[in-house]
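Enquirer: Here's a structure for you.
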Amino acid sequence: MLIRIAPPHLLRETEITPPEVYASRRRFLQQLGLAGIALAAPGLGRAQSPGPGALKISTRRERAGGEKPNSFEDVSSYNNYYEFGTAKDEPARNAGKLKTRPWTVVVDGECEAPAQVDIDSLLAGALEERIYRHRCVEAWSIVVPWLGIPLGDFLKRFKPTSKARYVAFETLYDDQQMPLARFSGLQLPYREGLRIDEAMHPLTLLSVGMYGRVLPNQNGAPLRLTVPWKYGFKSIKSIVRIRFTEKQPATTWSALAPDEYGFYANVNPAVDHPRWSQSRERRLGELFKRDTLMFNGYPEVASLYSGLDLRRYY
Amino acid sequence: MSPARVLLCWRLAAWTLATAPLLQLGWLILQGRLGANPVEFIEHHSGQWALRLLLLTLAMSPLRERLKRSEPLRIRRLLGLWAFAWACLHFSIYLTFDLEFSARQLAADLIKRRYITLGFAALLLLLPLALTSTRGWQQRLKRRWATLHKLIYPAALLAALHFVWLVKSDLREPLLYLALLLGLLLWRRPWRVILRARKQPVIST
C-alpha cells in the first residue's frame with residue numbers, strides 16, 4: 001500500500017489562486033497604475049517643459065512685488081473678451097474659433113516707416129518675461145508672467161513723427177469667427193489708445209505669450225497690450241492695427257459710457273467707478289478683498305501725470 | 001389621483017426647483033468647479049435664483065387662472081420663502097466676503113451705489129413678508145395681510161432693476177427678467193386700481 005504524504009512545499013488545491021482571479025488582479029493593478037498617471041498628468045501639463053507653443057525667454061523681470069503668479073488655469077479660464085461672450089467662462093469655451101495664423105499687424109499713421117508686421121517675426125526675436133499685477137475695472141486682479149517685447153522698442157522701428165502724440169490700437173473683428181460679438185453691447189472693432197509717452201514707457205509691454213508659452217486665444221492671441229498700471233480694458237487683445245495719431249483716439253468703453261470709463265483708466269483707489277468702489281479688489285484665489293494700490297503698485301509712472309487732475313481725467 | 005396626491009406633486013416640484021440650485025452649488029463646490037472667482041460665482045448664482053423664484057412666485061396667480069386649479073396658489077408661499085432664502089444667501093455672501101461685516105462700508109455702498117441701494121431695499125421689503133408668512137399672522141392681520149403682501153411687486157421691480165444696473169454692457173439677461181416681470185405685473189391689470197380710485201369719489205358723493 002502506497003501512502004502519499006504531501007511534501008510541505010506543495011500547495012493544496014484550495015490554496016491555488018484560480019487563473020481568472022489572478023488575471024483580474026493584474027487588470028486591477030494596471031488600472032491603478034493608469035489612474036496614478038492620470039492624477040499626475042495635470043501637473044505634468046503645467047510644467048515648463050518645451051512643448052507646443054513654448055517660447056524662448058531672454059530675460060526675466062519680476063515686477064509684482066514678489067507676489068506669486070496665479071495659476072495658468074485661473075488666468076486662462078476667467079476672461080473678459082466680449083467678442084467671444086460676456087460671461088467670464090465663455091471666452092475659454094468659444095475663442096477656439098479664432099484663427100491666429102496668418103496674422104499681420106498694420107502699423108501706420110503719423111510715422112515715417114509704416115509697415116505690416118508678421119506675428120512670427122515678433123515671436124522669433126528676443127522675448128522678455130515680466131511678472132505684473134493686472135487689475136480689472138470690475139475690482140478683481142491677477143498676477144501673470146507675460147512674455148513680450150517693450151512696446152516702445154517695437155514702435156520706434158516705424159519712426160513716429162513729432163505729430164504722433166497718441167497711439168491707437170484695434171482688435172480683429174470678424175463676426176464669422178466671433179458669432180457672439182453682436183451680443184456684446186459694444187461698438188466693435190474694439191479700440192484702445194495710449195498717449196505716446198505712456199506707450200513708450202518701459203513698463204508697457206506688447207505681449208505674445210504668458211507662462212512661457214504663446215497666448216491662449218481667450219487671453220488675446222496672438223498679441224496684446226499689457227499696461228500694468230491701468231485697468232485691464234486698456235490692455236487690448238488680438239491686435240491687428242496700430243496707428244500713430246495726433247488727436248486722442250476714441251476708445252471702446254469710454255465711447256459706451258464716458259462717465260464710467262475714461263481714456264486714462266489709471267488704477268486709482270481714490271477715484272470710484274460711478275457704480276462701484278475701486279478702493280479694494282479681489283485677487284483671484286483669495287476669498288477676501290485687499291486694498292488696491294495707486295497705479296496698481298507702479299509708482300514710477302506717476303511722473304507721467306504730474307499736473308493732471310486724476311479725478312477729472314480718470 | 002386624489003386631490004391630496006396632486007397637491008403633493010406640486011409641492012414636490014416646487015421643492016425640487018427651489019433646492020436643485022442649492023444641490024448644484026454643493027456639487028460644484030465638492031468638485032472644485034466654481035471657477036477662478038468662487039465668491040462672485042456664488043453671489044451671482046444666489047442672486048439669479050432669488051430673482052427667478054420671485055418671478056415664479058408672481059406667476060402663480062396667472063397660472064391658477066390659466067389652469068383653473070388651486071394648486072399654484074398653494075405652493076406660492078413656499079416659492080416666495082425660497083426666493084427670500086436665496087436673497088438672504090446672496091446678501092450674506094456680499095456682507096461676508098465683499099464687506100467683511102463692516103457697517104461703515106455697507107453704509108458707504110448704500111449711499112453711493114445705486115444698484116446696491118435697490119437690492120438692499122428689495123431685501124428689506126421682502127423681510128416683513130417672510131416674517132408674516134405664517135397662518136397665525138395671516139389671521140391676525142386679516143385683510144391688511146393681503147395689502148401688506150402687495151409689497152412683493154415693488155420688491156420684485158427693485159430686484160430686477162438691481163440686476164439691470166449692475167451689468168456693464170450685455171443687458172440681455174437682466175432685461176429678460178425685467179420684461180417677464182412687467183408682463184406678470186401688467187397681467188394683473190394695475191390700471192383697474194387707478195380707474196377704481198378715480199371712480200370712487202363719484203360714487204361716494
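Backbone N, Cα and C atoms are what each Cβ position is placed from, and that goes for glycine too.
What you see is a predicted model, and the numbers here were worked out from it, not measured in a lab.
TrEMBL feature annotations, pasted as is:
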BINDING   A:N79, A:Y82, A:E83, A:C136, A:T171, A:N219, A:R224, A:S235, A:I236, A:K237  Mo-molybdopterin binding site
DOMAIN    A:99-253  domain 'Oxidoreductase molybdopterin-binding'
REGION    A:48-70  region 'Disordered'
Enquirer: Looking at the binding-site residues A:N79, A:T171, which sits with the largest number of other Cβ atoms within 10 Å of its Cβ?
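Expert: Per the Cβ count, the most surrounded site is A:N79.
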Enquirer: Sequence-remote contacts (6 or more beyond its ends) of the region 'Disordered' (A:48-70), Cβ cut-off under 8 Å?
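Expert: Beyond its ends, the region 'Disordered' (A:48-70) has Cβ neighbours at 123, 126-133, 142-145, 147, 203, 208-209, 211-214, 228, 283-285, 297-298.
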Enquirer: So if I measure Cβ to Cβ from A:I236 (Mo-molybdopterin binding site) and keep only same-chain residues at least 6 apart in sequence, which ones fall under 8 Å?
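Expert: Expected: A:F169, A:E170, A:T171, A:Y190, A:R191, A:E192, A:G220, A:R224, A:L225.
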Enquirer: Could you give me three numbers for the region 'Disordered' (A:48-70), the DSSP helix, strand and coil residue counts?
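Expert: With helix first, then strand, then coil, the region 'Disordered' (A:48-70) has 0 helix, 8 strand, 15 coil.
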Enquirer: Please state whether DSSP places A:T171 (Mo-molybdopterin binding site) in a helix, a strand or coil.
Expert: strand
Enquirer: Tell me the Cβ contacts of A:E83 (Mo-molybdopterin binding site) under 8 Å, same chain only and six or more apart in sequence, or just say none.
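Expert: Long-range Cβ contacts: A:T171, A:Y173, A:M178, A:L180, A:A181, A:S184, A:L188, A:Y190.
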Enquirer: Among residues A:N79, A:Y82, A:E83, A:C136, A:T171, A:N219, A:R224, A:S235, A:I236, A:K237 annotated as binding Mo-molybdopterin, what is the maximum Cα-Cα distance? Answer in Å.
Expert: 18
Enquirer: State the count of C-beta atoms found within 10 angstroms of the C-beta of A:R224 (Mo-molybdopterin binding site), not counting that atom itself.
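Expert: So the number of other Cβ atoms within 10 Å of A:R224 (Mo-molybdopterin binding site) is 23.
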Enquirer: Please report the DSSP secondary structure of A:N79 (Mo-molybdopterin binding site), reduced to three states.
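Expert: The residue in question, A:N79 (Mo-molybdopterin binding site), is coil (DSSP, three-state).
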Enquirer: On the 0 to 100 scale, where does the mean pLDDT of the domain 'Oxidoreductase molybdopterin-binding' (A:99-253) fall?
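Expert: Result for the domain 'Oxidoreductase molybdopterin-binding' (A:99-253): average pLDDT 97.
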